[in-house]
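Asks: Below, the features straight out of Swiss-Prot:
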BINDING   C223, C297, C304, C307  Zn(2+) binding site
Amino acid sequence: MSENLFSKKKIFFNQTIGKKEVKNVIAWAFTSYGAARTAYLVEQLKDLGFHYATKAGISLSVEDLLIPPLKDSLLQTAENEIKATLNRYLLGEITEVERFQKVIDIWHRTSETLKDEVVDYFKSTDPLNSLYMMSFSGARGNLSQVHQLVGMRGLMADPQGEIIDFPIRSNFKEGLTTTEYLISSYGARKGVVDTALRTADSGYLTRRLVDIAQEVIIREIDCETPRGVILTALKENGKILISLKDRLVGRVLLHNLYHPKTHSLIAQKNESISVLLADDIIKAGLKEVWIRSPLTCKATRSVCQYCYGWNLAHGRLVELGEAVGIIAAQSIGEPGTQLTMRTFHTGGVFTAEVAKQITAPFPGRIYYPLNTTFREIRTRYGDNAWWVENNAKLRLEGENGKRVSFNLTQGSIIRIKDQSWVETNDLLAEIASTAPNTRRAKEKTTRELRTDIAGEVYFQNLEIDEAGGQVDTAGGSIWILGGNVYNLSSNFDVILKNGDFILNGSILARTQFISQYGGYVRLTDDNLTVEVIPASLKIQNAKIFIDETDQPCLHFKNNETFELKIQNETQLKHGQVVAERYLTTEMGGIIRYADLDAKTTNKNGYEITKSGSLLWIPEETHEVNTEAKNVLVKNGQYIPSGTQLIKNKKIRNKHSGVVELVHKKNFVIEIIIKPGIVLKIKNNVSFSKKAKRFIQPGEYLFSKFVVEDLRYLDYIITSTGIILLLRPVVEYKVESPKTIIRDDKNHLKISSIQSILYKDGERIKSVQGIELFKIQLKLQVRKGLKHLPIKTNFIPSSQNSFELEFLIIESILPKNDKYFDSTVLESLAKAQTKILVKNNQLVKKGELIAQIEIISINQGEIRWIGDNTAKQIRRLLLITEKQIVTIPIQNLTKLKNKNLNLGNFIRAGEEIEETIKIPNSGQIIEITSTYIRLRISRPYLISARAIIRVLTGDLVQSGESLALLVFERAKTGDIIQGLPRIEELLEARKPKDNCVLSTHPGFTQLYYSETIELKIKSLDKINTLLELQPGVFPTVTNNQFIEAGAPLSEGDISVHEILEIFFNLYFKNRVNCLSLADAIHLSLQKIQQFLVSEVQSVYQSQGIDISDKHIEIIIKQMTNKVKIEEGGDTTLLPNELIEFQQIEKMNEKFSTSNGQLASYTPILLGITKSSLNTQSFISAASFQETTRVLAKAAVEGKIDQLRGLKENVIIGNLIPAGTGFSAYNDNAVFQNEDIESIEVKTSVLNSPAESDTNSDLDDIILNKD
């Protein structure tokens, strides 16, 4: 630093300067010397850093990555522990969950030990190592990354967030194996996905926070509130998260502060607390300080300067008009993104806290303390341990008079029995946290227990609730008695019985295949499928040809040709269309039915049910939609074909006839050309009334003309009169459905079905020809054979033609895997298929066609045959020599174990003689004087509340689920939990598994029976008896004094329940005879303090510092409403939400006029609900539910006072903050206050406490005005 700048006093920091220390130096300089000189100092530090960084030339190379030599031995120790845990699991001593948790804990502890070893190795061998200096100075990287580089990567999480119990033993220097690389990619991907998802959540959280707090602006200097809050150091689990000094800096004192011993004045009321003053307060030994807070500020919908304190950016009292609500929202919301970004730095590596453990410093004997109660429990690793119910001391006495004591807090767990001998470094106990009411957040989860071997299920000491399928609280074991289990379809007949002994090659089961209909046999080329053909039909009078467009056609001998709709070797069903053809006209026209009956079908138009005639009156219709002046033809004009109809358009008629124009206003929308003969009759008007009808052949017309064929009499109105027109009619004969071909037995037939595509009297507008009706050939099958598939067969007839054949197929022998599980049978048995018929053989109905036999490839004894109706399978158990073990013994009478009876279970490792141990767990099936025979079995320990998937006696395959183990685990405190927890608190959500809370202060009494009962005895003789649910354990001890609202059991705390408890305590129970307003103030204050602490602990767990005042502003907005119970003489309605300050003023006004007061209760709203219930309906409508909010505001006739920033921005006003604050100054801030009181308040700003006592020069930037 420059000498002239510090000529009066030189300051020297004699320590290693890392990232944290540089931060502290800059903060100290800023507080003591102002921004200008701090900027100069930072410049100097930057130059100094670059100068020496250039000289040193520190870089990272592979040689800098030093792997501790102890790594191999640590990994070997962990492997040995895991092997021992696996042996306990195989013996049925611990459950699958306990094994899993133990393995996870072993690897995590190993990883942490190795991490410490990495640090120690760097310190002792190479303290100037580049990697070590970079990470520990805070320049680049962190300990977790260093650990992954030179230690071990550790445990990873799978895509569901579950920890994989296979850790990555390698580090990045050694390189990962293929398996480790795949597992590693899980965590890395999970990190990226979580970051993407949580970033959106964080942004939405910020939006909600801004919405609730945007109206909070510094509008007053001093609200003169007598209320405040007590600040203490924030602790969790006995660890200080935020010191009292850090919490005090920037706040304003509520009262004068005196030294507790000398009683001298330390600081005055309304004095802001600087760093130096905070030091003085801590030195004085004060543990708690009353300060002003936004939570207790009396300013209406705002905060005053004194209750807010410093603007943390400048280190001095906040100015009027500062939008502190927006700052608070951003301060809480912005680090939400950081809460998720942490995954990138660790790559999804799992981390967790290890419980504080006590190990033996020397060999000796353990002695439990006297007069202390212990409760035997089972740890989460399956070990027996003792839970300490009161604070106590554990004593270890060694040889030569060595003695040491260990302090145990209530809730600690002792791992060694009383008066047991221990060796050095043996684990003695795990210490519970000393923090009051400490509870680890837990969550219920499940894990599938799957069997490792196939065999028979046997329950041992297992009691199951039949209704829910759950194990009772005692637990028990499931044994799987080994054997080969065969899965057979229910179609198979087992030809053996229980107790049969079979040899290799014996038939276990068979299934026979019989023809249900009879017919000709057709074998496939691979002889794997047998098909019986009960019926077939060949169309003799038609052949298939391919036309010019490569479309197959069916051509009949009567020259009718149909378009084929099927292909060769395709499967058909009853009623399917085989071929079809259409009758097409030359132009559009009018259709009329004559003696026809038709029914409507979905797609095929109108199907003919009765034969008759179809009359067709042709006409050519051009849809032009043009102005009348553009039309070149006239109404009633006869025109030849090819005449141009529209000016400048190539629209010409294809047929000659008389023109009829259809007008709509000044437009011609249609030009109709009607072929026919024009009749010139003088009295056309009278004859036109007889028109629009059919004229039969031979009929006289006008007593002059004889009509030779069927005609239609029409007329056209022209400008000169009426023209009569004799139009041609085409008659089509239409037939009802008929069979055109059938087989000999009438099983199959082809029917011809005709359908008309238009309804009677319909006019079809067209220039081109249209498809008038169609003829379809449909395949019909007899009722008894409809469910069988029908296959097509094109039989070559000549070079370019085929004959068409239809075959009804009965498939007799489908693929084998339909009837048994080939994967299971592969190693146990083989399937043999026998076909008992020949190709083209005629078989009768009920004749045997083929059979499948299951042949054993092992020899052994059939012990069980059973059905599994749920899975539609039959299972068969075969015990072979592989499942039997013979143990030789010397003398039956000298056996140590007296429990050796037939049918008993024995576990591996048990001694039956001095030199003989049982090699495998199993069931005793034979005892002789020279040997014992065991059936190899596997025991599985089942915990309480597990859901059982099998029944005793069931047969199971290896890998099948036996039970669903239900257990509780501590919630991981990683990044994934951070943001949801903040959201849960700020949205004031009710927890799923909430703990039991004390309703009043008192002493506890515990009663243990089938359930745990807890009684609270208060000093005023109010007793409350609470019963805990099964599986829920108390967190308090006998005769422990507890406060109201304290948690008594495990689980999450419900904020709403705390609020209700304290309100009942302060007001409804009338303990202190408080007024309604005071009771609400006090009960809300408890909630506010709880929420501030909880939010801070989440952010502090991730190393993020947020000032209390920001959180307090948000929580003030959440707790500033009350719910009306009775409106009294006010206009308020029950359940209406209103601001607490507003109802207080209303009640105060009514009390002076002796009116009936409104009654109300406190309520806690989440940030979303608070935003929607704000006074400004413009702000609320712009947030969510716009229509509902605006409609409600309109109905209630609300007026928006435009006090916040958001509503002013929306309507285009100047915002009431910063420079725009003065525009609102007159009415909003100094209302009902005189000038004299303003001067008194502002004079405090110039008190000595606010002046800079450490600086000799005025700061050139901050104090230039």
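A Cβ is built for glycine as well, from the same backbone N, Cα and C atoms used for every other residue.
Predicted, not measured: the structure shown is a model, and the values here were computed from it.
I would like each feature placed in context: is it buried or exposed, what are its neighbours, and how far apart are things?
Replies: Within 10 Å of the C-beta of C307 (Zn(2+) binding site) there are 30 other C-beta atoms, taking all protein chains into account.
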Asks: Do any residues at least six apart in sequence from C297 (Zn(2+) binding site), in the same chain, have a Cβ closer than 8 Å to its Cβ, and if so which, in order?
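Replies: For C297 (Zn(2+) binding site), the qualifying residues are C223, T225, V303, C304, C307, Y308, K1116.
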Asks: Report the residues of the chain - excluding C223, C297, C304, C307 - with C-beta within 8 Å of the mean position of the site's C-beta atoms, for the recorded Zn(2+) site, in sequence order.
Replies: E220, D222, T225, R292, P294, T296, K298, A299, S302, V303, Q305, Y306, Y308
Asks: Here are the binding-site residues: C223, C304. Which has the lowest count of other Cβ atoms within 10 Å?
Replies: C223
Asks: Using DSSP, would you call C297 (Zn(2+) binding site) helix, strand or coil?
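Replies: Looking at the DSSP assignment, C297 (Zn(2+) binding site) belongs to neither helix nor strand, so coil.
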